[in-house]
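*Asks:* Could you have a look at this structure, given as structure tokens, before my questions?
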Amino acid sequence: YNAVDTSPVSLYVTQPFWNWLVEFCPRWFAPNLMTFLGFLLLVVNFVMFTYYDLHFTQALVLPSWVWLVAAICQFWSHHLDGMDGKQARRTKTSSPLGELFDHGVDSWASFLFPICIFSVISQNEDGFSPMAMHLSLVSIYITFIDSHWEKYNTKVLFLPWSYDISMIIMTLTYLIAYAFSPSVFHFTIPIINVTFIQIVKYAWPSKFN
């Protein structure tokens, strides 16, 4: 299949960065292992937030190091996912199995990414309700399945602009939470009298589309 990516962030930031970074990877580093390690980093985040914030209510009292670990795992998960295909072409090991494994892992990632970031927003009066979390996840699943169904029928995968942007924003969100605590996201915007979190809550599903 062919992938179409017109995102300026991808074309001018992440793709050049991955092309540079993959050159430091030894050729024995299997692309599927790269994919799997990126997935494991997401699992680390998921397990960590499940242990420390099972009900999405403890954001303001979590140890600050949790946010730093989350940022590091998020950063490398994103970039390992971006480099695995380049490593496969570099080592001439591209295969349908590699594609299946990569996209299969991506399907799990579409659950793990938002579940972890929900801890920043929390369940409170201006955060996500359980139903809002559920509907956000459903919208992400539908978008993911729809794009791959389109690829199956047209042999073209159109990559959304928002993917790389959302990955970068999540890393920055964790870093900001580490540096200033998640309370920084609950400020009220003057004039419109709406909290920043409320804006994020309604815009959130579109980040992954």
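Backbone N, Cα and C define each Cβ position, glycine as well.
Straight from TrEMBL, here's the annotation block:
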type: TRANSMEM; residues: 33-52; note: transmembrane segment
type: TRANSMEM; residues: 58-79; note: transmembrane segment
type: TRANSMEM; residues: 100-121; note: transmembrane segment
type: TRANSMEM; residues: 127-144; note: transmembrane segment
type: TRANSMEM; residues: 156-178; note: transmembrane segment
*Asks:* With a Cβ cut-off under 8 Å, give me the same-chain residues at least six positions beyond the ends of the transmembrane segment (58-79) that come close to it.
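*Replies:* 14, 17-18, 21, 38-39, 41-42, 44-45, 48-49, 52, 109, 116, 119-122, 164, 167-168, 170-171, 174-175, 177-178, 181-183.
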*Asks:* Going along the chain, which residues at least six beyond the ends of the transmembrane segment (100-121) come within the CB cut-off of under 8 Å?
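*Replies:* Tertiary neighbours of the transmembrane segment (100-121) are 32, 35-36, 38-39, 42-43, 45-46, 49, 53, 56, 58-59, 62, 70, 74, 77, 81, 84-85, 127-128, 133, 136-137, 140-141, 144, 148, 166-167, 170, 173-174, 177, 182, 185, 197, 200-201, 204, 208.
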*Asks:* Residue list, the transmembrane segment (156-178) vs rest of chain: Cβ under 8 Å, 6 or more residues beyond ends.
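*Replies:* Distant Cβ neighbours of the transmembrane segment (156-178) are 1-10, 13-14, 59, 64-65, 67-68, 70-71, 74-75, 78, 113, 117, 120, 143, 147-148, 150, 184-185, 206-209.
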